[in-house]
Amino acid sequence: MKQTLRNPWVYVIMVVPTLVLYSLFFIYPMATSSYYAFTDWNGLSDYSFIGLQNFIDVFSDKDFLHAIRNNMLFIVFSVFVQVPLIIIFALLIASVKRLQRLYKTTVFIPSILSTSVIGILWGFVLHPNIGPINKMLSFFGIEPVFWLADSKWALPSVLIVNAWQWMGFYIVLILAAILALPKEMNEAAEIDGASGFQRAWYLTVPLIKPIISVVVMLSIAGAMRVVDIVLVMTKGGPVGATEVMASYLVNEALGVNPNYGLGTAISLIIFVFALLLTAIYQRTFGRTED
Amino acid sequence: MKKLLMTVIMLVLVSTTVLTACGGNNGGNQQGNNTSNSNSSTSNSNSTPDPSSPTDTDKKAEPFTVSLRHIQIGEAQKFRKAILDDVVAKTEAEVPGLTFELEGVEDSVNRFTKLPAEMAAGNPPKIFDLFGGEGDALKYGAAGRLLDLAPILEELGLSNSFLNLDQFTLDGKVYGLPIGGNIEGFYYNEEIFATLGLPEPKTWAELEQAAQTLTDNGYTAFAMGSKGAWVPLMLVNTLIGRYAGPESISGFSSGEAKWNSPEVVAAYAKYEEWVKKGYFTKGELGFEYADMLNEFLTGKAGMMFDGSWRSSVFSDETQAGALTNKVGFFTMPAVEGGVGDQTYVNGNYSNGYGFSSDLNEQELVAVKAFIKNMYSEEMQLRGLLEDGVLPSIKLSSDALSKVEDKIVKKVITIMGEAGGAFSHFDSTVQSSVYKETEDTILKLIAGQETAQSVADQLQAVQDKANQE
């Protein structure tokens, strides 16, 4: 057996199945997508090679540029609103002495619910006529707000629901990191007279920076590929107000006038965007080891 | 030698594993091959079993299933679903071994999401809900995905039975069968109209006066759910038929009519004017088609523009509640200065069933039996009486005289008095143009576009589509 393992071909054979599966489910779809992205394939008729026309069409469509802007807003909201809130909640839960498991479970529940359930649930909550939020506002004499039908409110509503869905998952991640820290440091700081805020800001947060970095990166990647909550709640509407790149893809590739060539071109654009943003983050803010 | 042997054994093991994983669907492929073999034998054979007497009692039939996709979901479609269930039961009883696998899917999800993807993959259900026209039946038919029904209709003696197969016919081939006909018009709440002293609008001035009075009194003039753009487009379509004439609808794709002609712009401008006057449901862009009906049924709206297929709701107490039999129907009045015959109605025979071209011999028998039962005088009359859907096949005057529902009676009267019918432009224009009409109407409603800018954009897309 020892002699067998010295043969480099044995290792080649061992990795072949993985490589085959990887090629089958990643390389091959990517390669065919790359090919179809340069065609006018509509799924039914014969197609022809049209060069960069799909990419030109996409980037000259202001609806797509609006979708990119919305994706960026998702990222900004995730990184600058969601992540700080996640850290604050994780610190708060970590510092409670009683019912910590209850809080942990409670915040985690939304992330195990299906997006469809969340979309429909929040559809009721935000309903202009029967939704509890508008009922409460009407108590103060405020006119019904069309949360999902008004271009002003639709995107903030979806952002908040999306954050509500995923914050619990990240809170639990960060909480695990906080609870894994040695208690002695915190106690020593407390004896030295550091306040709760000082201990959190100067001690805990720097120590969990690597996991925060991972959360930020996952949030960026998640914001780039967000689509399900948008499709369930607004289908990208009203009038493209909540359209993101992936929902634009769905509406173009399928929908009234299916255009798979264009769809695959958009999928490549999303892939490149996500890759670039993640790489930029990793090369800059995400370098925790330095 | 030992090393070589070990290497060879491992190679064989790995290859076997990979090949086994890849070949997991062999059975399915085999079946697929059988299916295509049967198909070719079916097409080569002239002795297709007679669906009217398909039972061969001497031979125990092999069980088989036929997938059937319908859109009869929800309370409002319960009458139509009951008819479908009866047809399914009757067909299963007639064809030995047959079991239908029914799948209910929401209309627009089926039409715009599932079916296009299945057509691209070449695996649509065997029987499915299908719309006629350029973007649906004719496109799929030309791509070879749909069964040509002309020979089957001839075999079943139904060739001359259908009132209108235009939207399903291409080069003499019939790619689908409409389940019924319909016209589109305004439903109105008779109680609210009586309270406000409003007559049933017969002229354009009366219609606009009614809308204004309703708005002034805190009612929504026209209930509308524009989350799906096809809903407001029903009204736009009819406005175009009035302002630009019935011929304009079919003239866009031939280049004879222009979207940015003053008449079509006037139609869009009227819609824009009504939006600005607040005649439609507040926040309509966030409401679904079903919400529109709910708003009307709860007495918050005075009128609703919809198809005659909705009529059965208003005679069903469980759905209409206090509004049962208190709803009237009228078609869009003539527009002053409108082009062409102003008595034309927005009428369609566009929704029905299509059938996959990929059928084996047994499935073909089942399809024929399904057509025979679904498009029988009995079921068509039931559709008319129970569901308020106009028949798609010719019925005797005796049968038609059985209609008691006042809206259906009114619809039949309107159709009798109409000079003709123009169809939906979704069945006459190219898919790319229709998509643009959907995108632009929502922008018009949101105030992001004007009637003129919408018309110009549509014409640009139309020109491009006509050149292709």
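Placed from the backbone N, Cα and C atoms, the Cβ positions cover glycine too.
Taken straight from TrEMBL:
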type     : residues  : note
DOMAIN   : A:68-281  : domain 'ABC transmembrane type-1'
TRANSMEM : A:9-31    : transmembrane segment
TRANSMEM : A:72-94   : transmembrane segment
TRANSMEM : A:106-126 : transmembrane segment
TRANSMEM : A:163-181 : transmembrane segment
TRANSMEM : A:201-224 : transmembrane segment
TRANSMEM : A:260-281 : transmembrane segment
Feature contact check the transmembrane segment (A:72-94) with the transmembrane segment (A:163-181), CB under 8 Å, 3 or more pairs: yes
Most Cβ pairs under 8 Å with the transmembrane segment (A:201-224), selected from A:9-31, A:72-94, A:106-126: A:72-94
Folded-back contacts onto the transmembrane segment (A:9-31), same chain, C-beta under 8 angstroms, at least six residues removed: 271
Within-chain partners of the transmembrane segment (A:72-94) [C-beta distance under 8 Å, separation at least 6 from its ends]: 100, 103-104, 107, 155, 159, 162-163, 166-167, 170-171, 174-175, 178-179, 200, 204-205, 212, 215-216, 219-220, 222-224, 226, 244, 277
